[in-house]
Amino acid sequence: MANVTLSSVYKAFGEAVISRDINLEIDDGEFVVFVGPSGCGKSTLLRMIAGLEDITSGELLIGGKRMNEVPPSERGIGMVFQSYALYPHLSVAENMSFGLKLAGVKKAEIYQRVNQVAEVLQLAHLLDRRPKALSGGQRQRVAIGRTLVSEPDVFLLDEPLSNLDAALRVQMRIEISRLHKRLERTMIYVTHDQVEAMTLADKIVVLDAGNIAQVGKPLELYHYPANRFVAGFIGSPKMNFLPVKVTAAEPRQVQIELPNHQRVWLPVEGDQVQVGANMSLGIRPEHLLPSSASEVTLEGEIQVVEQLGNETQIHIQIPAIRQNLVYRQNDVVLVEEGATFSIGLPPHRCHLFREDGTACKRLYQELGV
């Protein structure tokens, strides 16, 4: 096992900058997820750790040793790709042992490692089968098993579940989580799927256009996003944003004026907030309330109703702003498109963002954080 340290890592292809000043510490045995939209540089960052891409500048340490010039085979890493990359003419056992044979490992040790890993991944009864006789989930487990038998210090997983259907993704998420708890090895996982990030990670690294937007535990990012990008990326449906103006500011609260001219005090730090400033109020769809449950309300016209069975998502057009607000409520809500609908804003659940996108620190203590 090993910790991973990236210090001022910078990557460019010609004039195209992919990673900018990446500073990150990944602890020994930690499960870290790189998440972000397409093109944010998350896979390139993983490939630099693996040694498949050169680092333009900066330093990479694995287990305290500089790895910039060390070839991939000597870094003590194992990598699982989006594509399973299994040899179709070889059995499961032969696929899992292929790398060990090339490395000159003795047959008895190969047999022991393959069978041990097969038991862990519930593949023991499939060792004689070829890939064409396996399901997608089984093939992915074989690809993971091929990495496990090499006994790496650090596991790198590049969108390993993206080729699976929804049911298999859920199953494999659970299996990967159990595997990490059992092995206690350092794992670095790349995905664009925030559900995978939230459910698997000890720590999430949110990337935006080659920069680290925020690093933190899943619930920290959900409840206390450092900026508007993270607030809008983490959570589904994404956070609602409203244009507001600051009408008063104190050290531990800020008063803002909503688009309907209501004024409300928010429990956020106000030391660096200027009266008269234009800001954005953010609130998650699941934190909105029925209008009867809050003194602060907004009224609008229902544009779309999405009935999901376990919950209802209502898209509401608020006068004086151009975007819809999304209100999410557990269970079925019977309303009609075109009807007038009122929602309540609980001040303690609101976020406040400056014009540059940075967040004012929330002072309300959320559970589990």
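Cβ atoms are placed via backbone N, Cα and C, with glycine included.
Residues annotated as domain 'ABC transporter' in Swiss-Prot: 4-234.
Other Cβ atoms within 10 Å of the Cβ of Gly39 (ATP binding site), summed over all protein chains shown, number 13. Under the heading ATP binding site, Swiss-Prot lists Gly36, Pro37, Ser38, Gly39, Cys40, Gly41, Lys42, Ser43.
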Please identify, from the binding-site residues Ser38, Ser43, the residue with the sparsest Cβ neighbourhood, meaning fewest other Cβ atoms within 10 angstroms.
Ser38
Which entry in the list of binding-site residues, Gly36, Pro37, Gly41, has its Cβ near the fewest other Cβ atoms, using 10 Å as the limit?
Pro37
Position of peak Cβ density within 10 Å, selected from the binding-site residues Cys40, Lys42:
Lys42
Check the DSSP secondary structure of Gly39 (ATP binding site), expressed as helix, strand or coil.
coil
Which whole-number mean pLDDT does the model give the domain 'ABC transporter' (4-234)?
93
